[in-house]
Amino acid sequence: MGEEHLRNRRGEEDGKEERQSIQSHEPQTTNLQKQAKLFLFPLQSASVGLISGICMIVGTIIGSGIFVSPKSVLANAGAVGPCLTIWAACGVLATLGALCFAELGTMITKSGGEYPYLMEAFGPVPAFLFSWMSLFVTKPSSFAIICLSFAEYASAPFYPGCDPPQVVIKCLAVAAIVVITIVNSLSVKLASYLQNFLTAAKMIIVTIIIVSGIVLLAQGETDNFKDSFKDSKVSLSSISLAFYNGLWAYDGWNQLNYITEELKNPYRNLPLSIIIGIPLVTVCYVLINISYFTVMTSTELLQSKAVAVTFGDRVLYPASWIVPLFVAFSTIGSANGTCFTAGRLVYVAGREGHMLKVLSYISVKRLTPAPAIIFYGAIAIIYIIPGDINTLINYFSFAVWIFYGLTVLGLIVMRFTRKELRRPIRVPIVIPVVVMLLSVLLVLAPIISAPEMPYLYCFLFILSGLVVYLLFVHFKFNWSQKIAKPITMHLQMLLEVVPAEEGTE
């Protein structure tokens, strides 16, 4: 009895010491979790009005695409007339898609983009496949495309009259990825300040190109618009590939519903921001392309390595150096913005147990999602080594429109299966039906009319996510847990990261 009493007494003392130890560390941990929550969801009150919402749409969409895609859109369209028509049609499709996402964003107010919508509509398997594809294909390839665009424009002035060597472009792109990854891993404030500066630079170059084009048109430079539909291509494959490249420039149209909870009067301002913001971008894109055609014929534009640089050489000489400098700022700004938002989807997927937990952890000292950012940077570098911009854009668009279409299908399905959900914004059913059908057409057209093996590889990679889901998420085999735990532990110590607050929405 005496020994048992002594053991109980020792147990109580040990428990008391452990509780005191926990209590001594609790304020620090709670404070860290609160700050981590502020990083992931920085706007805790409704602070974004209509003007801010419009600026966010315009600033998010306009990036590297308008300086890279014009050549590819023209190559697939075949002539000036259909090229400008496709740019306008892409804007209409982006607007309709954004309206569908506005209904989803106000109906299901969870972070993570398409992930929670697919989870609510179809369950965990499609949601996991979306996160699988986003983490390994769409997000890193988008990062790689933008950095390759930066490298092309940054190197063009040093190789007048010829194309920069591929090794130079790829090395510059890798350097850009490394720098952006380091900046975003080290400091949220530094990344934010950098983004504000680069966004201003982006709008300056867009304004310069548009105003120059309007002046040239007023001076009668309209020769390149005569017989604008001559030699146009009408095949299903060429039109779909032209849309792929045009829609790449509009990518980001679905970003505003990520901050639905921070919008002032979201049920009014969300659709208004979309209806005003995306058509405004569409007008800018069409005017920029018109500006290009005022100084270049279709053949000259197709032969140009960097379209905006050629435009600057012919219009702004001797101040033509302004164009590649500000385009480089614009593209690096887009890359920085892509990296800056990398933590949100990873965080949600990690919280659901669909990804390695360590990818959703937050740096103790820096309060940044360092594991997710480093992961994205490493995968993006892998894409840069063998890839080129046009190929990456085609397969990025193929993959991303599969899930855009599936998400809009989820909206249609939930109209019948989740009638109890409140829908502050309710778009006419014809809009999601049209967007879904166009998504199907965009995905199937290049496969049917001009099949290529990489499309099959892309589709097989999506399906390979089913195997990963069954092994690591559904059945949760013990051996996979035994492998994951020490990896998570060692990475956590190496990177000095901890989980963010559980249940954060």
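Cβ coordinates come from backbone N, Cα and C, glycine included.
The compositional bias 'Basic and acidic residues' feature in TrEMBL is assigned to 1-20. Per TrEMBL, the feature region 'Disordered' maps to 1-28. The feature transmembrane segment is assigned by TrEMBL to 38-67, 79-105, 117-137, 167-188, 200-218, 272-295, 321-347, 367-386, 392-413, 425-448, 454-475.
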Practice problem: Taking the transmembrane segment (117-137) as the first stretch and the transmembrane segment (454-475) as the second, find out whether 3 or more Cβ pairs fall under 8 Å, excluding pairs closer than 6 in sequence. | Solution: yes
Practice problem: Report the listed stretch (167-188, 367-386, 392-413, 425-448) having the maximum count of Cβ pairs within less than 8 Å of the transmembrane segment (79-105). | Solution: 425-448
Self-check item: Positions on the same chain near the transmembrane segment (272-295), where near means CB under 8 A and six or more residues out
Solution: 50, 53-54, 56-58, 61-62, 66, 70, 80, 83-84, 87-88, 90-92, 94-95, 98-99, 102, 206, 209-210, 212-214, 216-217, 221-222, 224-225, 249-250, 253, 256, 263, 301, 307, 310-311, 314-315
Quiz item: Looking only at residues six or more beyond either end of the transmembrane segment (167-188), which have a C-beta under 8 A from one in the stretch?
Solution: 39, 143-144, 147-148, 150-152, 154-155, 194, 332, 335-336, 339-340, 342, 363, 366-368, 370, 373-374, 376-377, 380-381, 384-385
